[in-house]
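Swiss-Prot lists D299, D303 with the feature Mg(2+) 1 binding site. Residues annotated as Mg(2+) 2 binding site in Swiss-Prot: D299, D303. According to Swiss-Prot, the motif 'DDXXD motif' annotation covers 299-303. If you look up Swiss-Prot, you'll see D442, T446, E450 marked as Mg(2+) 3 binding site.
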Amino acid sequence: MATTQVEIQRPIANFSPSLWGDQFIKNDSGAKAAEKHCKAVEELKKEVMNMITAGGSNLVEAMNLIDTLERLGISYHFEKEIDQKLNHFFNLNTDYSDEFYDLYTVSLHFRLFRQHGHRISSDIFGRWIDESGKFKEGLKTDGKGLLSLYEASYLRTRGETILDDALEFATATLNSIAPHLESPLSKQVVHALIQPLHYGNPRIEAHNFISIYEENQDKNEFLLKFAKLDYNLLQMLHKEELHEVSRWWKELDLVSKLPYARDRVVECFFWAMGVYHEPQYSRARIMLTKTITMTSIIDDTYDAYGVIEELDIFTEAIERWNIEEMDRLPEYVKPFYKALLELYEQFEEELAEEGRSYAAHYAIESLKELVRSYHVEAKWFIQGYLPPFEEYLKNALITCTYCYHTTTSLLGVESAVEEDFQWLAKKPKMLVAGLLICRVIDDIATYEVEKERGQSATGIESYMRDNNATIEEAVAKFFEIATDAWKDINEECLMPSPYSRDVLMRILNLERIIDVTYKGNEDGYTQPEKVLKPHIIALFVDPIKM
């Protein structure tokens, strides 16, 4: 006898509704204000270009300027010029053992060179190590230098013990001296201890630094004005894009058709903006937002609504990728399946016009892989099966979604060629490192909620059973895995690299979003009120006061 709807026991999650309603559908484009801002930015841009290219600027002054531009969020206007400067400075082979270069300067230069892929040695910090192999006690009064060392240490790779020690020393000392520092340095330290620069979302970090820089007695008013204007101009563009995807989402009306799923289109746009915020990636942001939003529904269908018979059919339908499969699907998922195929038809048509139809093919194949892994996970849950950690992790690296989202992040990037998609399909070291970070940090943040919902096949549970470990030991191990994976990402970003820097930056920025979204072991995507709401308001609602 067929199972009736009444008899079906569904694993309903009862997700909270969207925080935003129709707020971003009612967007005022502000075209006149944008035009005015754009003209002002272009004028200021010429002046800053002269500052960067000035031949008379010395190493220390030029590096300080580059750091300020990057932290104010305006360096994307001058990427070529900054790279040329850094290449020139790196090839000078500066002797950083010279007493002229203090801890602040050496740490800043190390960080900038590493951020731009230069293989500068961590041995340059050796002059601050005492006879016992520890950082010198005298450094504990140098708040500015310690903060610079702290930020630099996050770009370490495996085996750089001196930077592991630097992070431990700087973190402990900064926590101790922060209450005694003067503003704005104290504010900068407190923020950095919560959110290291290298792990942070570039736009959030720019917003924060603008307010700190404004308090700086040595600030350049010209740069500050440029940063504020540019921030607000970019915000106008992002609001237009958010308006577009919000309208698309409302017209699909999947919220009413699939009430079990999370309604998070705004948070999905926040995610996409974190991958690339620059104006030239406007189309890519919109395409990525749509794919993330659809993935979220698939995730909730497997995790929080579907029963195994339905999921068997749905998995087959995704594999076959044919509109005729709709007849076999459960009624509730038919509108979604149709919308998903139509979305990719639109992508394929658009990409075919520029000779990049292969991009959609790689994205669809990656989505099929994701769905197969979701299916495995769902069967584990329904069967009450707790896999060995190695078996769990192999599948969970796919269900973290980052393999698929890294691929779809390149859909709207015209410079992304087929070789880039082929590279990702082979799951290179940098991508695997990114998947590991996403997986273990997500597992830590969602463990308690999943446990309450009866989810037994979690990474934490699997690790604890295999290793006879406590919850505290498992969490510590997961953080250790994430730390090592970050070191691998840092290594893979160094030159020479056969891979496109554009692609490497997408992976790096995706990991930064994980650090922000799951801050404090909170699931900021599922419950955005505490973690993401303030960021979304700062980025997409409130302009910076001039």
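For all residues, glycine too, the Cβ spot is worked out from N, Cα and C.
Keep in mind that this is a model prediction, so the values were computed, not measured.
D303 (Mg(2+) 1 binding site) sits 15 Å from D442 (Mg(2+) 3 binding site), taking the Cα positions as reference. A simple Cβ count within 10 Å picks out one of the binding-site residues D299, E450 as the most packed, and that one is E450.
The Cβ of T446 (Mg(2+) 3 binding site) has T458, D523, T526 as same-chain neighbours under 8 Å, each 6 or more residues away in sequence. A Cβ within 8 Å of the Cβ centre of D442, T446, E450, the residues given for Mg(2+) 3, is found for these other residues of the same chain: D443, I444, A445, Y447, V449, T458, D523.
With respect to their backbone Cα atoms, E450 (Mg(2+) 3 binding site) and D299 (Mg(2+) 1 binding site) stand 14 Å from each other. DSSP assigns D442 (Mg(2+) 3 binding site) to a helix in the three-state reduction.
Across the motif 'DDXXD motif' (299-303), DSSP helix (H, G, I), strand (E, B) and coil residues number 5 helix, 0 strand, 0 coil. The Cβ of D442 (Mg(2+) 3 binding site) has 22 neighbouring Cβ atoms from other residues within 10 Å, across all protein chains displayed.
The Cβ neighbour count for D303 (Mg(2+) 1 binding site), using a 10 Å radius and every protein chain shown, is 20. Per-residue pLDDT, averaged across the motif 'DDXXD motif' (299-303), gives 96.
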